[in-house]
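Some notes on the structure that comes next.
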Amino acid sequence: MNELIPLSAVRCNYGDVSGSRSVYLTFDDGPNPFCTPLVLDVLTQHRVPATFFVIGTYAADQPELIRRMIAEGHEVANHTMTHPDLSRCEAAEIHDEVLTASRAIRLACPQALPRHMRAPYGIWTEDVLATSAKAGLAAVHWSVDPRDWSRPGVDSIVKSVLAAVRPGAIVLLHDGYPPGEEASCIDSTSREQTVRALAYLIPALQLRGFEIHPLPQLH
């Protein structure tokens, strides 16, 4: 059944099992030729890893960015092929969206082996969870959402994250736009607030004793 499920059924954080005060940075809706390189530059400058939940059609169009993500030590994860609302999709379409996206990622970079999946818009159903699990993908939501996609201002993004972050938190940020909104991303200023906020957030989190890690491998 393609029925909505409660978020309690989906991984939203990883707790503090190791006592290391881990935090996980994740980026949705890329790779984008204007914005993703800037995000990668900031991550490289601060020597921290992130997980990029990429859209398959964009991975196919920007394989060099997928290769750069992997070369620089980041994880590339599955955000479906075309970013539909999966609650409106039949089981066969969900299957195609998930598996085709993983295939596109591997074609872009054979070293990229997706281990995690995030549903577009954070809308989860029983069919989505079942399809992800069958494909060997751990379903991952988030626990901290500064709504950077709405461009609320750099200070707002930073303050929202720092106010909500806890050990084991999964932070949601964006390095692109979903299909249909590409016109919003015509140059490198489109996600400028996210990039600038990230440059503040990483040292601020570290000063608070948090360690930024890749998402744990559950499969």
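All positions are counted from 1 along the displayed chain.
Glycine residues also receive a Cβ, built from the backbone N, Cα and C atoms like all the rest.
Remember, it's a predicted structure, so these values are computed and weren't measured experimentally.
These come from Swiss-Prot:
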type	residues	note
ACT_SITE	D28	active site, proton acceptor
ACT_SITE	H174	active site, proton donor
BINDING	H79, H83	divalent metal cation binding site
DOMAIN	21-213	domain 'NodB homology'
SITE	D148	site 'Raises pKa of active site His'
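Sequence features, as recorded in Swiss-Prot, placed on the structure.
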residue	record	CB count, 10 Å
D28	active site, proton acceptor	26
H79	divalent metal cation binding site	31
H83	divalent metal cation binding site	24
D148	site 'Raises pKa of active site His'	27
H174	active site, proton donor	25
What kind of secondary structure is D148 (site 'Raises pKa of active site His') part of, going by DSSP in three states?
helix
Secondary structure at H174 (active site, proton donor) (DSSP, helix/strand/coil)?
strand
Please tell me which one of the recorded positions listed here (D28, D148, H174) sits closest to H79 (divalent metal cation binding site), measuring Cα to Cα?
D28
Using C-alpha positions only, work out which of the recorded positions H83, D148, H174 is nearest to D28 (active site, proton acceptor).
H174
Provide the three-state secondary structure of H83 (divalent metal cation binding site) computed with DSSP.
coil
Distance from H174 (active site, proton donor) back to D148 (site 'Raises pKa of active site His'), taken between C-alpha atoms, in Å:
7
Could you state the CA-to-CA distance between H174 (active site, proton donor) and H83 (divalent metal cation binding site) to the nearest Å?
14
